[in-house]
Amino acid sequence: MIPLPPREIAPGAVHVPGWLTLDEQRHLVDACRAWAQGPVPIRHTVLPRGGVMSVQTVCVGWHWQPYRYTRLAHDVNGRQVADFPGWLADLGRRALSDAYGPAARAESADGGSTTSQQYEPAAYGPNAYEPDTYEPDTALINFYDGEAKMGMHQDKDEKSDAPVVSLSIGDACLFRFGNPETRGRPYTDVRLASGDLFVFGGPSRFAYHGVPKVYPGTGDPATGLTSGRLNLTMRVTGLR
Ligand SMILES: O=C(O)CCC(=O)C(=O)O
Ligand SMILES: [Fe+2]
């Protein structure tokens with residue numbers, strides 16, 4: 001199947017359908033399976049008021065618990081999460097470069113005129129367009145069974161406005177991408193399928209987003225995931 005072309009959903013938010021090859025998806029599924037075992041096993045995150053998230057989450061680099069990052073997983077088993085691997089950071093840089101196009105490079109190379117540039121670099125702030133210097137140091141890996149969902153939220157526990165790179169594998173879902181001001185409209189509903197890349201940075205870095213629904217049975221077992229949906233988001237914590 002020929003994937004749809006990249007689409008800008010909101011300023012700085014780009015959906016790239018079918019970005020990962022099947023091999024890359026398999027590799028990511030294997031890696032996520034290993035991380036799910038430990039040193040800090042995958043779990044349903046417990047929220048401060050006692051609610052339990054329907055997705056299961058495991059982290060690498062830094063451990064996320066609502067609403068902060070720590071080196072040790074105090075809310076699970078007190079251990080340090082796995083290191084953030086270099087190959088994943090490389091994948092993140094390639095993702096940014098592919099999502100935002102050659103804009104930043106073309107601009108610095110020839111002083112402003114660009115060739116196949118789709119988006120306006122000036123509007124996006126310094127971090128969105130520097131794929132080469134992107135240094136993600138944490139990844140949150142979420143597993144959704146057929147019933148799981150995620151409410152509208154902002155990714156705002158990072159002390160950096162560098163873009164978030166999101167990769168999806170397995171069952172497709174309805175991904176709702178909104179605006180930085182409110183949980184409600186305006187938002188755009190996007191179907192994220194296996195292999196899709198979604199990047200949000202610049203003016204959309206702190207936009208509300210969520211997953212109202214997963215579509216069971218829509219994934220390709222050849223990814224290594226026979227049911228459910230895997231989502232991996234890389235971020236720059238800005239912590240040290
Ligand atoms: O599953 C997704 O596509 C989004 C996950 C997400 O928003 C998050 O982990 O913060
Ligand atoms: Fe999020």
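Glycine residues also receive a Cβ, built from the backbone N, Cα and C atoms like all the rest.
Record check: TrEMBL places His153, Asp155 at the Fe cation site, and the matching candidate among His74, His209 is His209. For His209 (Fe cation binding site), the same-chain residues that are 6 or more apart in sequence and have a Cβ closer than 8 Å to its Cβ are Met152, His153, Gln154, Asp155, Phe175, Arg176, Phe177, Gly178, Phe200. Summarised by DSSP class, the composition of the domain 'Fe2OG dioxygenase' (135-238) is 6 helix, 47 strand, 51 coil.
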